[in-house]
Every structure is written in C-alpha cells, then in structure tokens.
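Listed in TrEMBL for this protein:
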COILED    1-28  coiled coil
COILED    59-172  coiled coil
COILED    215-267  coiled coil
DOMAIN    367-690  domain 'Kinesin motor'
BINDING   Gly450, Gln451, Thr452, Gly453, Ala454, Gly455, Lys456, Thr457  ATP binding site
REGION    704-752  region 'Disordered'
Amino acid sequence: MAHLQEEKLRLQEELLALQEKLAARESEEIAASVQLRGQAQEIGRLRSEMGGTDAEKHRDLLAAENERLRQEMKAREGELRELRRQQAACRDCTHLQESAGLQERLCQLQREAEEARAKLAELELEVQQKTNRLAEVELRLKDSLAERAQEEERLSRRLRDSQETIASLRAQPQQIKYVIKTVEVESAKAKQALCESQSRNQYLQEQVGMQRQVLKEMEQQLQSSQKTAAQLRAQIAMYETELERAHGQMLEEMQAMEDEKNRAIEEAFSRAQVEMKAVHENLAGVRTNLLTLQPALRTLTHDYNSLKRQVRDFPLLLQETLRSARAEIGQAIEEVNSTNRELLRKYRRELQLRKKCHNELVRLKGNIRVFGRVRPITKEDGEGPEAVSAVTFDADDDAVLHLLHKGKQVSFELDKVFPPQASQEEVFQEVQALVTSCIDGYNVCIFAYGQTGAGKTYTMEGTSANPGINQRALQLLFSEVRSKAADWDYAISVSVAEIYNEALRDLLGKEPQEKLEIKLCPDGSGQLYVPGLTEFSVQSVEDINKVFEFGHVNRVTECTNLNEHSSRSHALLIVTVRGLDRSTGLRTTGKLNLVDLAGSERVGRSGAEGSRLREAQYINRSLSALGDVIYALRSRQGHVPFRNSKLTYLLQDSLSGDSKTLMMVQVSPAEKNSSETLCSLKFAERVRSVELGPVSRKAELVSWPSQEQLEGDLPGSSGRGHASPSPGLPSGRSTSIRRKLQTSGKLRPVPV
C-alpha cells in the first residue's frame with residue numbers, strides 16, 4: 001500500500017507540473033490573442049484605406065477559429081482537472097499500470113496539442129510579417145502619390161509662367177522665333193517630366209498589384225492553416241474519445257480487481273483458520289514427542305556434528321580428486337588426438353605417394369590402362385532371377401569389382417571402375433588427361449571392349465543431349481587450342497573409318513563401300529597409314545557434329561536378339577593435331593585414336609542368320625586375333641601376330657609401345673550375361689598386365705610458314721575404287737550429308 005501511495009503522489013506531482021505548463025501556455029495564447037487583435041485592427045485600418053480583400057476575411061475567420069480552439073482547450077483542461085480529482089479519490093487503487101498508461105497517453109495528447117499551438121504561432125507570425133510588408137507598400141504608395149501631386153503642381157506653375165511669357169513677347173516681332181523655340185524647349189521638358197510621372201505612377205500601380213498578389217498568397221496560406229486546424233480538431237476529438245474509453249475500461253477493471261481481492265482475502269482467511277487448527281493439533285503432539293525424544297536427540301546431535309565436519313571437508317577432497325582426474329583424462333585425450341592426427345597425416349601422405357609412384361610406374365612401363373564401366377539394368381534384360389545384378393563393388397576401393405558367377409564370387413582389380421550411376425562427365429574426367437597429351441605430340445588410343453549390348457557405343461559416342469568420349473574429347477581439344485592460341489598455332493583434322501567383315505572402309509569418303517588397305521609410311525618411320533583415307537579439317541563444334549552425323553549414317557548397324565542397334569563393325573575416329581610454337585619453331589604432331597569395337601556375341605543367343613551370321617563370325621574372329629596379340633605382348637614373344645586381322649594391324653601403333661593406350665571394358669551386370677562378363681573382365685586383367693614401354697613424343701624444330709601450309713600438309717583423299725553397297729547403308733542420305741560437308745565454308749577435305 002505504501003508503494004501505491006508513493007506512485008499516486010508522483011502521479012499527482014506530474015499532473016500539477018502539467019497544469020503549470022498549461023497555465024503558461026494559456027498566458028502565451030492570451031499574448032498571442034492580444035497581438036492578433038492588434039493585427040486585426042491594423043488590417044481593418046488598411047481595409048478602410050484600400051478596401052477589404054478576401055485574404056482579410058479569411059484572416060478574421062482564422063482569428064475566430066483560434067478563439068474557439070482556445071475555448072476548447074480550456075474545456076479539455078477542466079476535464080483534466082476532473083480526472084485528477086477522480087484519481088485523488090482513488091488513492092487505494094491497485095491499477096498503477098493502467099494509470100501509468102493513461103498518463104502516457106495524456107502526455108502524448110498534450111505534446112500533440114503543443115505542436116498544434118506551435119504551428120498556429122508560426123502561421124500568426126507569418127501573417128504579421130505579411131501585414132508589415134503590406135503597410136510598408138501602402139506607405140510607399142502614399143509617398144509616390146504625394147510626389148506625383150507635387151510634380152503636377154510644379155509643372156502647372158511652369159506652364160502658367162510660359163503662357164505669361166508668350167503673352168509679353170507678342171509685342172516684339174523680331175524675337176518671336178526665339179521665344180517660340182524657348183517655349184518649345186520648355187514644353188518638351190514639361191512633357192518629359194509628365195512622362196516620367198506617368199511611368200512612376202505605372203510602377204506604383206504595378207507595386208500595388210504585386211502586393212495584392214502577396215495578399216492572395218497569404219489568403220492561400222490562411223486556407224491551409226484552416227485545414228491544419230481542422231485536422232488538429234479531429235485529432236483532439238479522437239484523443240478525447242480514446243481517453244474516455246480508456247477511463248471507462250480502467251474503472252471497470254478497478255472494480256473487478258477490487259472484487260477479486262476481497263474474494264481472495266476471504267478464501268485465504270478461511271484456509272488460514274483451518275491450517276491454524278491443524279497446526280495447534282500437531283503442536284500438541286510434537287510437544288509430547290519432544291519429551292520422549294530428548295535422549296535420542298542428543299545422540300543425533302553428536303552424529304550430526306560429526307557428519308557436518310565430514311561434509312565440510314568433502315568438497316575439498318572431491319575437488320582435488322576431480323582436478324587430478326580431469327588432468328589425467330585431458331592428457332590422455334590429447335595424446336590420442338595427437339597420435340590420430342599424425343597417423344592420418346602419414347596415411348594421406350602414403351596414399352599420395354602410392355598413387356604418384358603407381359602412375360609413374362605405369363608411365364615408365366607403358367602399361368595399358370584399363371577402366372571398367374558397368375551399365376545399369378534395363379528393360380531389355382527382362383525380369384526374374386536372370387535380370388538380377390551379379391556385379392558388386394568395393395566400398396573402400398574404386399578399382400575393384402566382384403562378379404557372382406555360378407554361385408562363386410570372383411574379384412577383379414582394374415585401374416578404375418565406374419558404377420551404373422556414373423555419368424558421362426565423370427567418365428570423361430578420368431580420360432581427359434590422356435586426351436590433352438595429344439596436343440603435346442603424343443599418340444593416344446582409347447578403345448571400348450565388351451560384349452554386344454554392354455554400352456560401348458554409348459560410352460564412346462553417347463547421344464546428342466549427353467555426348468560421349470568422342471565429342472567431349474574434340475570439344476576439350478578445341479578448348480585447349482584456344483587457351484594456347486597466344487603462343488601456338490594448331491590444326492585439327494579428323495577421319496572416320498570402320499572395319500566391316502575384315503574390310504577397311506572410309507565413312508567420310510565419296511564411296512564408303514570402297515575397301516582400303518593399310519601400308520607402311522614410305523618415309524621409313526615404320527608407322528602405318530591408310531592411303532586414300534579422307535581427312536576433314538575441323539575448326540568448331542558444329543564441324544564435329546556434321547562429321548559425326550556423316551560417319552554415323554554410313555556405319556553398319558543391325559537389330560539382333562541381344563541389341564536393337566547392334567554395331568556390326570569396328571568404328572575408328574582418328575584425330576590428328578598438328579601444332580607449331582611460334583616462339584621456338586617447335587612442331588608437334590599428335591594422333592588420337594578413338595575405337596568403338598563391335599561386341600562379341602554368341603550366335604546361339606543373338607539369333608544371327610545369313611549376313612548377320614557372317615558379320616558375327618568376322619567380329620568374333622577379329623576379337624580373337626586381338627586376344628592373341630595381347631597374349632603375345634604379355635608373354636613377351638618375339639613375334640606378335642598383328643597382321644592376322646585388319647583390326648590388330650590398324651591398332652599396331654597403339655599396341656606396340658608408341659602410344660598411350662586406354663581400354664574401356666564395358667560390363668553387363670545381368671545374371672544371364674555373367675559368362676560373357678567373366679570373359680571380358682579376364683581379358684581386361686590380361687590387357688592391364690601388358691607393358692608397352694615408355695612413350696615417345698613426336699616433336700621437331702622446323703619453321704612454320706603459315707596456317708594454310710599447315711592445312712596443306714594434312715593428308716587428303718586419293719583415288720577411290722567402287723565396291724558393292726553393303727546392307728543397311730543409306731547411300732542417298734550419306735551423299736546429301738557429304739554434299740553439305742563439302743559446301744560448308746569451314747569444314748573441307750584436306751588436300752593430298
């Protein structure tokens with residue numbers, strides 16, 4: 001209650017201070033009203049002299065409005081005093097928070113009222129300034145009029161004098177001309193003075209017009225002041241309504257809280273009586289027990305003192321024990337963390353060193369790198385137990401995969417294994433280092449091997465939306481060429497060929513069915529070349545797409561039981577990159593062979609008949625010859641049977657140690673293809689163990705006359721023979737595509 005009284009007293013003091021401020025504001029308003037009345041009298045006097053204006057009428061209305069607002073302010077102050085009396089009558093009220101909120105609202109309203117009065121005072125000051133300016137203009141007008149009257153009077157006197165002089169000189173004829181001239185001069189001066197007076201009068205009239213314009217502006221300002229006053233009255237009315245509503249809510253809440261307080265007091269009093277009765281009863285029982293428990297109490301007191309001493313000493317003992325335990329545990333944890341960090345650092349260093357040594361060993365030995373890629377299960381694999389995946393992967397080593405064949409698990413280790421979810425981009429990231437070495441003057445060969453339907457063509461060629469290694473390799477070559485354009489000049493040319501039924505055919509030539517032969521270069525280098533093989537110079541990705549489309553149209557594909565679009569030939573994309581370092585004169589020549597081998601197949605499962613059976617026999621025979629070559633290379637035999645097949649003969653440069661070679665073995669994970677998958681993986685392991693020796697770089701120091709001569713050095717097409725068309729070749733479409741290639745501005749055959 002004392003706190004409530006103090007809060008009430010503080011509130012009363014604030015109300016008294018507010019009342020004093022209001023009284024001071026009233027005195028200021030009285031002084032402003034006196035000043036306003038003086039201004040009104042002055043305006044009335046000016047109106048009597050010059051006539052009243054609309055601005056003066058609005059000014060009178062503003063004065064009346066100001067008086068009315070002052071009366072409303074007095075009424076609000078009376079209501080404030082009434083509210084203060086009500087608050088004084090409610091000294092024991094507990095609604096201090098509500099009273100404080102209302103007090104803050106009241107202060108806010110008073111501040112807004114003071115702001116409104118300040119605006120009104122500013123408007124009155126501006127009216128006073130305009131009135132003073134008007135008075136000054138009127139004084140200057142009076143002075144101008146007086147000066148004008150004096151000038152007219154002076155001119156009239158001079159006119160009368162001139163007339164008298166004329167009358168007196170009429171008696172002297174000999175001087176009349178002179179007198180007339182004199183009068184004329186004096187008349188011109190009078191006219192000039194009269195014109196000056198008229199111009200001055202016009203200037204004064206313009207000044208009066210300007211002052212009237214000023215009065216109009218003051219009228220507009222008075223109108224805006226009236227609008228502001230109306231807005232202030234609306235805000236005051238809103239604040240009064242909100243104040244009344246808050247006052248009513250405060251009274252209702254005060255009454256409700258008073259009732260609740262009385263009810264709580266009654267309930268507490270009744271509970272206290274019941275508890276007091278129970279306490280008296282318990283006290284009587286306790287007194288009885290105390291008399292019987294005094295001996296036991298002395299014993300317990302002694303024990304308590306002993307335990308108290310032990311408890312007092314226990315925190316110190318516990319803190320010391322915990323401190324030593326924490327120190328030992330922290331030291332042990334730090335030692336373990338240090339050991340783990342050191343082991344992790346050594347492990348990472350050993351992994352990097354092992355990878356570096358392995359890559360260096362592979363480079364020095366010239367081993368054929370072998371990557372494996374497992375295609376996903378497709379709807380062509382069917383359903384049931386035979387369509388279940390028989391291939392699993394090692395979670396800790398991405399170079400190992402496991403094949404479940406006839407109930408036994410067989411493990412294979414390659415250089416890299418790509419699971420079914422691996423994208424074309426991920427596969428190309430692993431081979432792009434080999435592709436870029438072609439720019440540096442190395443020969444590179446990448447060929448895809450596996451059974452039919454395992455995804456070889458998809459990996460090498462891909463689709464238009466998701467291209468494979470072929471197109472990505474050429475795009476990468478163009479990107480590298482552009483990045484080195486400041487120092488190097490490069491020329492890139494491509495050839496596309498296929499081996500169909502042991503016949504080498506040019507897929508970009510005018511006669512794709514013509515058979516070509518493989519011969520040794522006449523320069524004595526020992527390398528092989530194909531006379532008459534068409535070679536197109538490409539300069540952009542658009543050129544690549546045109547070449548791929550032309551070569552794809554001419555390639556032989558047919559439908560079998562194992563693959564709807566089975567490749568019936570071995571496709572070879574040969575990319576030649578010739579470069580010249582303009583600063584040193586170093587010329588490099590690199591060749592990139594991208595080979596999509598036809599898939600091995602079992603005739604009984606593929607259902608091949610007729611020409612398809614003959615194609616399958618040639619495919620299996622050439623792949624068998626490739627196996628014989630790999631076996632001879634692995635066992636380091638003196639004679640390697642490269643000439644047993646056109647395929648192995650054409651790949652002789654890539655398999656005889658003069659090329660960086662990568663084999664992409666494609667694997668089908670279906671259980672029904674586990675036998676073919678086992679053969680493919682075994683062949684991949686044999687290929688991986690072949691050592692071809694270090695690779696040499698094709699570079700020489702020569703001069704490079706021009707880019708045109710570079711393109712002129714590229715081998716072009718030579719004479720063609722005529723062969724019978726093979727089945728499945730759309731000759732009409734291939735002819736139209738070749739015509740487009742030859743009519744292109746950028747894509748053209750390189751001359752011989």
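Quick reminder: no glycine exception, Cβ is built from N, Cα and C everywhere.
Neighbour counts of Cβ atoms within 10 Å were compared across the binding-site residues Gly450, Gly453, Gly455; the minimum falls on Gly455. Every protein chain shown contributes to the tally, and the Cβ of Ala454 (ATP binding site) ends up with 27 other Cβ atoms within 10 Å. Over the domain 'Kinesin motor' (367-690), the average per-residue pLDDT in this prediction is 84. Thr452 (ATP binding site): 25 other CB atoms within 10 A of its CB, across all protein chains.
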